[in-house]
Each structure stands twice: as C-alpha cells, then as structure tokens.
Amino acid sequence: MRKIIHVDMDCFFAAVEMRDNPALRDIPIAIGGSRERRGVISTANYPARKFGVRSAMPTGMALKLCPHLTLLPGRFDAYKEASNHIREIFSRYTSRIEPLSLDEAYLDVTDSVHCHGSATLIAQEIRQTIFNELQLTASAGVAPVKFLAKIASDMNKPNGQFVITPAEVPAFLQTLPLAKIPGVGKVSAAKLEAIGLRTCGDVQKCDLVILLKRFGKFGRILWERSQGIDERDVNSERLRKSVGVERTMAEDIHHWSECEAIIERLYPELERRLAKVKPDLLIARQGVKLKFDDFQQTTQEHVWPRLNKADLIATARKTWDERRGGRGVRLVGLHVTLLDPQMERQLVLGL
C-alpha cells in the first residue's frame with residue numbers, strides 16, 4: 001500500500017508578504033491587480049477571507065466586500081525563492097516529488113525510512129521544518145492514493161493535517177460529496193445530484209456500464225474514485241505543458257454575447273492558475289476551445305508571449321463565427337501552452 005502526502009501552503013503569496021512585513025499580519029490583504037486595470041485577486045489572507053474575498057475574484061468586487069483591503073501587486077521573485085526552499089525540504093525525505101504549482105506538491109514516501117517510515121510523522125516533520133526555516137505554515141493530507149491525499153490536505157486548514165489510513169478509506173468515501181473529488185465541477189455536481197448521485201456511496205451502488213453510457217470517460221473516473229481507486233503515480237518527471245480552464249453549460253448557448261460573458265468569467269481563473277505555476281505569466285501560445293451540441297469540438301490558438309484577455313476574446317469570436325455553423329455551444333474553454341524550459345532559457349539569454 002502506498003503512502004502519499006499532499007502538501008499545500010496556506011495562502012502562500014499573502015503569507016510571504018505577512019512574513020516579510022509583520023504590520024500586514026492582522027489586517028485584510030490580497031495579492032492582485034488594481035481595480036482601475038480590471039485586475040483579479042490571486043490570493044487573500046484569512047482576515048480578508050472573512051469578508052468574502054476569494055481567489056479569482058475581480059479586484060473591484062473584493063474592494064466592495066472589504067473597502068479597507070490592502071492590495072499588493074505581488075513579488076514573484078520572493079514567492080519563487082520560498083517555493084524552491086520548500087521543494088528542497090521535500091527532497092530531504094523523498095526523491096519522488098510531483099510539484100503542482102509554487103505552493104503545493106505530492107510526495108510519495110512509501111519507501112522512506114525517515115520517522116520510522118510513518119507518513120503521518122513525516123508530514124508533521126515537513127510542516128514543522130517549513131515553519132522553522134521559512135516562518136510559513138503548510139497543511140498536509142496523508143492517504144494511500146493521490147486524490148484522497150489532496151482532499152485530506154484541505155480538511156484541517158490552515159496549519160493542520162488530516163490522515164486517511166487504508167482501513168478508513170471505505171467509511172470516508174461513503175459520505176464524501178462528489179463535489180469534493182478533484183475534477184468534479186459545480187455543473188457536473190449539479191447534474192449528478194439531479195439523478196440522485198451526491199456522494200461516493202451513491203455512486204458505489206451504480207452499475208459501471210450505466211455510468212459509462214451516460215458520462216463516458218468521466219463516468220469511469222467517477223466510479224473509480226468512488227471506490228477509492230487512483231492508480232496515478234507521483235510523477236517526479238512531470239513537466240507541466242499547459243494550463244487551462246473550461247466550463248460546461250447547463251444549457252447550450254446560441255449567442256456570441258453569452259460566450260463572451262463566459263470568457264469574462266473564466267479568464268480570472270485562468271490568470272490565477274497560470275500565476276501559480278508561472279508567476280511571470282510568460283507563455284508560448286494561448287487559445288480557445290468550443291464544444292458544440294453534437295459533441296464535436298474545435299480549438300484555435302496562436303503564438304502570444306503573455307496572457308491577454310482581449311486577444312483571447314478576439315480568437316474566440318473568430319472561432320465562433322467561422323466554425324460554429326449554427327450549432328449550439330455546450331462548452332467554452334481557455335488555455336495556454338507553456339514555454340519549453342530550453343526555449344525559455346534561450347529567450348532569457350537573448351534579452
């Protein structure tokens with residue numbers, strides 16, 4: 001049985017700012033773009049979250065909820081430096097590390113001899129070491145598979161951890177809401193609940209064939225996760241090549257204005273996700289995806305050095321006009337392709 005730890009730093013960007021400027025610790029702060037430039041919030045500290053300020057929220061809305069919010073532009077070199085230090089701490093316990101972004105990672109400690117091989121004690125020691133050396137707090141989840149470790153890391157935030165032992169997995173899954181499973185969004189969760197599927201326990205009673213017929217590949221993943229099955233390895237060689245965000249509508253859309261409104265809502269989340277893995281926002285390409293009511297889909301992208309909403313909207317409009325052919329649209333997606341590390345190095349050297 002594997003021993004997987006998911007470590008997630010607590011409001012990472014904001015935590016670095018509060019560490020470096022103690023005057024910020026007890027006041028609401030957020031990292032993000034200005035209201036005048038229609039910026040969005042990247043992250044907020046817990047005092048700000050009490051007012052409802054959240055990641056990916058437009059800055060203007062955040063300031064309405066919390067007029068005395070202190071807005072900071074972000075110091076991405078400082079965040080990257082802290083992230084590198086955290087990753088070095090991970091490497092003291094295992095070489096099997098899969099970074100997901102600057103502030104979270106999976107660790108496979110199945111074969112680790114530290115702490116007598118106890119994943120629970122390793123997670124505690126890692127969190128304590130991070131605090132001792134960086135004065136930052138982390139939360140952790142421990143489980144025999146990746147998706148449960150990720151869910152567990154959110155159970156006792158901030159500055160806590162939650163352990164799901166192999167023996168506890170069946171009982172934990174019985175009441176686990178499907179919406180908690182990574183990859184099950186609000187629209188999917190609503191559709192599942194509409195047919196009586198709210199928890200993993202509900203899905204366990206379903207025939208896999210029926211789920212496959214109704215939901216395709218997603219149905220299989222849903223069934224496997226509800227049984228506690230997740231065979232994905234912690235991939236130390238993982239190189240993230242793209243970042244994306246998409247939305248499946250409850251009803252098909254037929255007017256460009258509806259599509260544009262969805263892009264306006266998706267863009268802040270794309271910006272937030274990209275900032276977590278690429279703080280300088282440098283990219284190779286950006287593009288859009290449309291899926292039609294006949295389940296055919298099309299993508300269009302082109303070279304662009306930085307994330308740019310106006311260009312994405314223009315690309316989407318061109319795709320809408322040229323490829324829709326009168327069909328309804330059931331899904332809208334935005335994505336960016338990241339720079340190859342070798343190409344990025346060449347670009348930096350050429351500056």
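Using the three backbone atoms N, Cα and C, a Cβ is placed for every residue, glycine included.
For reference, Swiss-Prot has these:
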- 4-185: domain 'UmuC' (DOMAIN)
- ASP8, ASP103: Mg(2+) binding site (BINDING)
- PHE13: site 'Substrate discrimination' (SITE)
- GLU104: active site (ACT_SITE)
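Straight-line distance linking the Cα atoms of PHE13 (site 'Substrate discrimination') and the residue listed as 'active site', rounded to a whole number, equals 12 Å. In the predicted structure, the domain 'UmuC' (4-185) carries a mean pLDDT of 94. Cα to Cα, GLU104 (active site) and ASP8 (Mg(2+) binding site) are separated by 4 Å. In sequence order, ASP8, MET9, PHE12, PHE13, SER83, LYS276 are the residues near ASP103 (Mg(2+) binding site), counting only same-chain partners six or more apart with C-beta under 8 A.
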